[in-house]
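See structure below.
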Ligand code: GDP
């Protein structure tokens, strides 16, 4: 990394901003560009920016992401935007002779009923989870595009498959967020009102593998520095919890004695997506946060920033 110019696409998002924080301790120059100066949907603009700035490496952390309901409601946005943005960045990087690129997939792009824990080679072995297949198809295409560039041109374009991420900078808009920020916001509302009815979508039985975004960023930078294989690499803690257990933990972190009310009119999504992280762990990498301490750190961030008014809350 020494002296290298690393472009982080999507630096305002939760993952991109964590990667920028993590790269600050590397001896490299971090390049970012704001959305009003460069729209990643604009192919000519991205080609021009890449040619003008000539990064040595690119981390592709820009993506349209959202929770289970947003994915279901806005299929065009999730499929179209992701396809276009990722193709623009990957192709422009290649045209500008970028030697290294890291693309991010997600554990939700594995088949819905993949054997657990999910190994890297389970990709494309079965039908997808219908609530997020739009996002999954786009991400699979991105992953395959990196692999195709590797095969055809021998460039070092790699992919990582992060677990469900949470942490500072997350989206706390209840309509579009993932489960951790949603439950934090709801628990916080109970803490303020003195109520105790914590509404949890679905049955509470699905299991999810949660990774703090700073741990994710640490693993991603590690891969950027050390990994050059043609398979994507799973990135997670290798442990999962039920949504009911998560809800109890979040309530406890917020200091709320909660009674959980399951709203079974909302979807459960895939029953389980625990990844096999033996490839990553074999390198010696381990996460620093246990789920409880990661939730505490994130809730503290939320309290601090909600006060300042710079948390993404969406419409009331
Ligand atoms: P997923 O991993 O793609 O399903 O993404 P989510 O983080 O949106 O949802 C994970 C699980 O948490 C699903 O089973 C949801 O039904 C459940 N869940 C429970 N309460 C909530 C909530 O308030 N918001 C969201 N997004 N999910 C919730």
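Cβ from N, Cα, C; glycine included.
If you check TrEMBL, you get these features:
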type	residues	note
DOMAIN	6-236	domain 'NAD-dependent epimerase/dehydratase'
BINDING	10-16, 104-107, 139, 162-165, 178	NADP(+) binding site
SITE	106	site 'Important for catalytic activity'
SITE	108	site 'Important for catalytic activity'
ACT_SITE	135	active site, proton donor/acceptor
BINDING	186, 201, 208, 268	substrate binding site
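Pairwise Cα distances among 186, 201, 208, 268, the recorded substrate-binding residues, top out at 19 Å. Counted within 10 Å of its Cβ, the other Cβ atoms near residue 108 (site 'Important for catalytic activity') come to 24, all protein chains included. With a cut-off of 6 Å between Cβ and the nearest atom of ligand 1, the recorded positions 13, 108, 268 reduce to 108, 268. Of all the recorded positions listed (135, 201), 201 has the fewest other CB atoms within 10 A of its CB. Cβ contacts within 10 Å of residue 268 (substrate binding site), excluding its own Cβ and spanning all protein chains shown: 17.
Per-residue confidence over the domain 'NAD-dependent epimerase/dehydratase' (6-236) averages out at a pLDDT of 96. In three-state terms derived from DSSP, residue 165 (NADP(+) binding site) belongs to an extended strand segment.
Of all the Cβ atoms in the protein chains shown, 21 others lie within 10 Å of the Cβ of residue 106 (NADP(+) binding site).
The Cβ of residue 208 (substrate binding site) lies under 8 Å from the Cβ of 163, 164, 179, 240, 241, 243, 246, 272, 273, each on the same chain and at least six residues away in sequence.
If you measure from the Cα atom of residue 106 (NADP(+) binding site) to that of the residue listed as 'active site, proton donor/acceptor', you get 10 Å.
Residue density at residue 162 (NADP(+) binding site): 23 other Cβ atoms are found within 10 A of its Cβ, drawing on all protein chains shown.
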